[in-house]
Amino acid sequence: MAPIEILKFPISSPGDISPLKKLQDAGYDPSNILAVVGKTEGNGCVNDFSRTLASAVWEPRIPSDAVTIFSGGTEGVLSPHVTFFLRSPGDKETGLSAAVGHTRRFEPHEIGTDEQAQQVATTTSSLIEQMGVTPDQVHMVLIKCPLLTSEKLETIRALGRVPVTTDTYESMARSRYASAVGIAAAVGEIQHTRIPEAVSKAGTWSAKASCSSGAELEDCHILVLASTSAQGSRLHAVSRPMADAMDAASILALMELAKKDGGKIVQVFAKAEADPSGHVREWRHTMNTDSDIHSTRHARAAVGGLIAGLVSDAEIYVSGGAEGQGPSGGGSLCLVYETSI
């Protein structure tokens, strides 16, 4: 278990590494980095190479056992930034702990399948065990997972295998869902034996899963965030799923918990999706039928604007595509805040 600090900084482009200097100015060394989690100004789709660029410039500059998780798409008021998860100097307790890890690399035909979910469940369970926390203490499992490209589909066909889908964009959703099912098993929301059934049909979801797909990796990068019972905690995490893209009440409820503690919000992590039913509550929406803009981009803009307005901060992590990450049409939500000791 690693007690952690969380710091975030704006970036001027996906290749901007100036936050590293700011991190050092704040008294931290790059060796303290557990994870770099960022929002980059791409389209968040299959051909979003802003994620690839960000990963390429950051990974050589952080410890080999650290992870990068970059989510493309800063639609609306969302502002590009990076959030550092840092080992607390001297392992001083802060109230939050984190662990990071990788699954093995996946063969193209395994992406979006129950094998991916099983590997995520195994790795995540191991991280939770290493941390010495209970699933109830876990507030978020953040994952970057692979997707299918045209080249990978050709490889699958050449091997006589069958891909989970032949649509590269849909593969993002299938990979996110498989990862979310794995998380659900790891935190005890479903039994491990139910993974194949859960992956084969929609409907399973985890309140603690936040998964983002990308072409920049072949494995899953995993970050587990948990609260500890340390006395005099300074950092706190609270979480609950949003019921839909208009669920201000859930955000306000978490903000109220921070307010009661006299806390200052450090970061918000949220998933967003266009309700597949075509309605938000009783109102019809057109996010799923827009031929110009993918629904995930609409959802990021809508939920990003809602949360940013409520917390008065545009440097928040809002990721589109919430398959299995909160109820259908909603999404997982985790708020981190800081109190004075």
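Cβ coordinates are placed from backbone N, Cα and C, and glycine is handled just like the others.
Site annotation for substrate in Swiss-Prot covers Arg51, Ser71, Gly72, Arg176, Ser212, Ser213, Ser319, Gly320, and the matching candidate from Arg157, Arg194, Arg234, Arg300 is Arg300. Listed by Swiss-Prot as binding Mg(2+) are Ala322, Gln325, Gly326, Pro327, Gly330; the candidate from Glu216, Glu218, Glu256, Glu273 that the record includes in that site is Glu273.
For the recorded positions listed here (Ser212, Thr296), the lowest count of other CB atoms within 10 A around the CB belongs to Thr296. Sequence-distant neighbours of Lys144 (active site) (same chain, 6+ apart, CB under 8 A from its CB) are Val67, Thr68, Ile69, Phe70, Cys211, Ser212, Ser213, Gly214, Leu217, Cys220, His221.
When secondary structure is read from DSSP and collapsed to three states, Lys144 (active site) falls in the strand class. Looking at the region 'RU B' (95-229) alone, the prediction's average pLDDT is 98. Counting residue by residue with DSSP, the region 'RU B' (95-229) contains 61 helix, 30 strand, 44 coil.
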